[in-house]
Amino acid sequence: MAGRSLGKAVATVSLSVALASVTVRSSGCRAIPAPRNPFPSCGFHLKANIMSGSNGVKDNSHNKARTSPYPGSKVERSKVPNEKVGWLVEWQDYNPVEYTAVSVLAGPQWADPQISESSFSPRFNEKDGHVERKSQNGLYEIENGRPRNPAGRTGLVGRGLLGRWGPNHAADPIITRWKRDESGNKITHPVSGKCILQFVAIKRKDCGEWAIPGGMVDPGEKISATLKREFGEEALNSLQKSSAEKREIEEKLHALFSQEHLVIYKGYVDDPRNTDNAWMETEAVNYHDETGETMDNLTLEAGDDAGKVKWVDISDQLKLYASHSQFIKLVAEKRDAHWSEDCAADSHGL
């Protein structure tokens, strides 16, 4: 579980956003007063960060990957100004700090050895045994035997808290349902007139911020299996259940995770754990319980890396871990659900 604990994913929007073509319409909703922000004090609200290519970024991107101190340490990154982020920009004086966490250097199962070890010969940009070293964003460059972050400089080399050289793959399941009144009717927002969508949110133990459940893809594991496993562990506390309870949870989740779904995003993640040589990538997938019956038969219970779990109304007032709010906005748009009281903002999207 250590690898999963260290690898909880955050994400922003890049050119590799993958959106399904389906737009789900809703009707028959009842209006209620506008909901208040359920998370007034946690997280931060990010703008969309769009990668402009494998060797350069726009001015408003690649921000979290340059923040100091590095998570879980007192290590300060070398400062990288916006105009020097891209690798195509010559910077002879660039002198990044070297840092790899002790927990990674200890050689757990989820971590690679050091590049300098003679017995370690990773096959970058391809499937390396059970380890996926291909990037969702295409080929990445190798410099002096080390992968180079496709989004640009971060001010730090090594792996930090990340186990793999190059891409570290994660998955984020976004489970949604319509908000309903006591009679079972869908509820609309009084200003936008659109039905209110809800999603399952967890409160992370490591930073106390609310987020989408999710975690690292285990070696050899399919993304679909990771999505279901992580939701069960964090939102249903499946790790602490009896064998019979686990089977029951598995059967109910199978019904939800087997239906049609929307791939909201996949690709590079602007994450504070990223370095010049190791970075996060994720696939965020929306599973929607249209009638609400499947999730009504499952009791939410925080587990694993989650301190709390609950259903949350979706709107632009949400402040979530990293840029999870961007994923949630995309879900609201694809489901034609309420997002903002500002109609113009709704129509412009990202």
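Using the three backbone atoms N, Cα and C, a Cβ is placed for every residue, glycine included.
What Swiss-Prot says about this protein:
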COMPBIAS  124-135  compositional bias 'Basic and acidic residues'
DOMAIN    178-334  domain 'Nudix hydrolase'
MOD_RES   Ser121  phosphoserine
REGION    53-77  region 'Disordered'
REGION    116-153  region 'Disordered'
MOTIF     215-237  motif 'Nudix box'
TRANSIT   1-46  transit peptide
**OP:** Across the whole of the motif 'Nudix box' (215-237), what does the mean pLDDT come to? Round it, please.
**Re:** 92
Subject >> Long-range neighbours of the motif 'Nudix box' (215-237), counting only residues six or more past its ends (CB under 8 A) >> reply: 3-4, 6-9, 110, 129-132, 168-173, 175, 200, 202, 249-250, 253-254, 257, 283, 285, 287, 298-306, 309
Original post:
10 Å Cβ neighbour count around the residue listed as 'phosphoserine'?
Top reply: 8
Original post:
Going by DSSP, how much of the compositional bias 'Basic and acidic residues' (124-135) is helix, how much is strand and how much is coil, in residues?
Top reply: 0 helix, 4 strand, 8 coil
